[in-house]
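Taken from Swiss-Prot as is:
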BINDING   Cys12, Cys96, Cys198  [4Fe-4S] cluster binding site
BINDING   His41, His74, His124, Ser226, Ser227, Asn228, Ser270  dimethylallyl diphosphate binding site
BINDING   His41, His74, His124, Ser226, Ser227, Asn228, Ser270  isopentenyl diphosphate binding site
BINDING   His41, His74, His124, Thr168, Ser226, Ser227, Asn228, Ser270  (2E)-4-hydroxy-3-methylbut-2-enyl diphosphate binding site
ACT_SITE  Glu126  active site, proton donor
Amino acid sequence: MHIKLANPRGFCAGVDRAIEIVNRALEVFGPPIYVRHEVVHNKFVVEDLRARGAVFVEELDQVPDDVIVIFSAHGVSKAVRDEAARRGLKVFDATCPLVTKVHMEVVRYSREGRECILIGHEGHPEVEGTMGQYDASNGGAIYLVEDEADVAELQVRNPDNLAFVTQTTLSMDDTSKVIDALRSKFPAIGGPRKDDICYATQNRQDAVKQLASECDVLLVVGSPNSSNSNRLRELAERMGTPAYLIDGAEDLKHEWFEGVKGIGITAGASAPEVLVRGVVEQLRAWGAAGETELDGRPENITFSMPKELRVKAL
């Protein structure tokens, strides 16, 4: 068996920044540091931060007064921000700047009085945060669609004053079909100046397409609640390559590799490289020989830290 590694894989700039915000807050202010929702969707990362003093909660009513709160990389609604401000909580915002970009688009559409359609997965925290940016007090509305069937059933108030945005971690192929359906049904619909699906999601999906065409089985290192990790698994399966979403080496099963010559490995944007190395080591122990990494698109993007948490230059 030969191992091929996707490139790029694993942490993106938004995840790096979110984790570093929690780490720096713990260093500067000491525990406990409260984090609304898992800062990123990865069990290993969350457990590591919890061991260092981060306290993960789902709602602000679980947060005592006079503590530091961090908003997760997925973003929050205006109502959550307003509640934190009302209570005077000290907040550090780890929302990915590319999610914030989508939030600003929704706010702009709301101010313009345009109805808005969000393409995304119901119940995902990013979707909840984005939906919560829209102010319907001016008579507008925001709608959520997941697929072409939802578009077929959707009724809006004014199809001539309409715009769409998307969740940042969707399948590019699936989303393009939904956008085509929206444009067909609502010819006047507007959209973002630039694709809302983030660069890291696009790059990792492109890498999986290449990897799935060259391997007999694909492993995606990522947690079950990670949207972008699930999309990677689905993409490989759609190409006819058996694919498995795993938290780490402990999830591997011998029977997946019977008669297999090429094993592809990638990792979702929330999964650290240490988990990938653990998978590689386990496969080597089971007889895998050789390891290559695909040529990939370089990722040089970084996002700035909140001023109060920046490391001072020596």
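Each residue's number is its place along the chain shown, starting with 1.
Any Cβ shown, glycine's included, is placed from N, Cα and C.
With respect to Cβ neighbours within 10 Å, the binding-site residues His41, His74, His124 differ, and His124 shows the lowest count.
Here Ser270 (dimethylallyl diphosphate binding site) is positioned 7 angstrom away from Cys12 ([4Fe-4S] cluster binding site), judged by their C-alpha atoms.
If you draw a 10 Å sphere around the CB of Thr168 ((2E)-4-hydroxy-3-methylbut-2-enyl diphosphate binding site), it holds 26 other CB atoms from the protein chains shown. Pairwise Cα distances among His41, His74, His124, Ser226, Ser227, Asn228, Ser270, which the record gives as the binders of isopentenyl diphosphate, peak at 15 Å.
When secondary structure is read from DSSP and collapsed to three states, the residue listed as 'active site, proton donor' falls in the helix class. Of the candidate recorded positions, Cys96, Glu126, Thr168, Cys198, the one lying closest to His74 (dimethylallyl diphosphate binding site) when CA atoms are compared is Glu126. On a Cα basis, Asn228 (dimethylallyl diphosphate binding site) lies 10 Å away from Cys198 ([4Fe-4S] cluster binding site).
In sequence order, Gly14, Val15, Arg17, Ala18, Ala73, His74, Gly75, Thr168, Cys198, Phe303 are the residues of the chain that are 6 or more apart from Cys96 ([4Fe-4S] cluster binding site) and have a CB within less than 8 Å of its CB. When other Cβ atoms within 10 Å of the Cβ of Cys12 ([4Fe-4S] cluster binding site) are tallied across all protein chains shown, the result is 27.
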